[in-house]
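Noted in TrEMBL for the protein shown:
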| type | residues | note |
| --- | --- | --- |
| DOMAIN | 67-282 | domain 'Radical SAM core' |
| BINDING | 82, 86, 89 | [4Fe-4S] cluster binding site |
Ligand code: SF4
């Protein structure tokens, strides 16, 4: 494990405060923040996240991002650590490093230029996923800076728990992000993640305002977040921002410490899609449980299928310069 200089901190009342996430840990010398991967060293801050537990190729559809360069290959990294402690996390062996004693360090330092060269060779992008990518904002910046001359962009799958300062910085380096909005209910969100939901919606809004392409995912956990009391407020909040925000409804299977439920029923996913449309969202997706229909992008004007997808892969993109080939309506996205 290697500690390297970190950004996003300030001096306050004799302490060094990390301002990356809304916990805003105020640290004594040598102390590590709640995330377990950022620590104070002297008058500065260090991070352990210039490293990755994985390095493999998958598709942008798997993030999931459906309206950003469909079919683009993504060289995917995951720096250990997370600002949330979700009890259903399927990636807890990577994400909970520093928060759970039973999770060992298992990552290698990253050479940003080498990663970007590999991505450029396949005209792909670099994704940071599985863990919380905002904790690796320094790595993100290095990848984006190396990637810019080669046309390689960086995308995130994030929990959205960022301060406005972190949003500002991330927006300069991240082209697209899928943000998890698990619930807007304060108590449920704290129970699931250990953190409040408010900053997530603020960050999502801030990223969009700064030009980052944003899609949203919501896990439908039976008995907690799979019902209309959770889904309707989220759909309403997203539609109030922009009805064109793609919303991915994610089937939950028992995982980690949340094992006492069955996989999300198909009927709950179907109801979620209807709720999204009723509230004014134009693109609501379900990856597998509703078949190809759940993954298809339809023209908001004439309902023609303009992008169809296989599981985690592009089928056919019929858009012409981002417009429906039949009626010419523009479909929002980075095509
Ligand atoms: S990123 Fe880590 S150290 Fe920084 S405020 Fe959040 S939990 Fe604390």
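Just so it is clear, glycine is given a Cβ too, placed from its N, Cα and C backbone atoms.
Unlike curated records, TrEMBL annotations are generated automatically.
What you see is a predicted model, and the numbers here were worked out from it, not measured in a lab.
TrEMBL feature annotations superimposed on the structure.
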| residue | record | Cβ neighbours (10 Å) |
| --- | --- | --- |
| 82 | [4Fe-4S] cluster binding site | 30 |
| 86 | [4Fe-4S] cluster binding site | 24 |
| 89 | [4Fe-4S] cluster binding site | 21 |
